[in-house]
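The next block holds one structure in the form of structure tokens; read it before the comments.
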């Protein structure tokens, strides 16, 4: 018994969204458990576009020292003095390593010498 308008991808009986169409077999509604032929998807169209990255060797091989330094950062860059080489910029990343009611752990990496240190916040 069909009580809803027959829209492609929706159950004709209860109106809920049907699961994705499999390679073989019928479609079973998650809500009302009725089984339908794959024809329930007739009229549905899918469209997609694939964009490929372009390769520009001049951007890769013609970097200045400042550009290569900032592009090798492991994360956002902050003004923090490295305890090993005294460079004034470090990148950082955060992780929740301890329990949820405790602070996160911040990992700092020197942009010059790659020295790593951590801080529990």
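Heads up, the Cβ atoms here are built off N, Cα and C, so glycines get one too.
The following features are taken from TrEMBL:
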type	residues	note
ZN_FING	11-32	zinc finger
BINDING	11, 14, 29, 32	Zn(2+) 1 binding site
DOMAIN	78-118	domain 'TFIIS-type'
BINDING	82, 85, 110, 113	Zn(2+) 2 binding site
Among the binding-site residues 11, 85, which residue has the largest number of other Cβ atoms within 10 Å of its own Cβ?
11
For residue 110 (Zn(2+) 2 binding site), which of the binding-site residues 11, 14, 29, 32 has the nearest Cα in space?
29
Neighbour-count leader, CB within 10 A, binding-site residues: 32, 110:
110
Nearest-integer angstrom distance between the alpha carbons (Cα) of residue 85 (Zn(2+) 2 binding site) and residue 11 (Zn(2+) 1 binding site):
65
Quick check on the zinc finger (11-32): DSSP residue counts for helix, strand, coil, in that order please.
0 helix, 3 strand, 19 coil
Residue 14 (Zn(2+) 1 binding site): tally of other CB atoms within 10 A of its CB:
14
In this structure, which of the binding-site residues 82, 113 has the fewest other Cβ atoms within 10 Å of its Cβ?
113
What is the nearest of the binding-site residues 11, 14, 29, 32 to residue 82 (Zn(2+) 2 binding site), using the Cα of each?
29
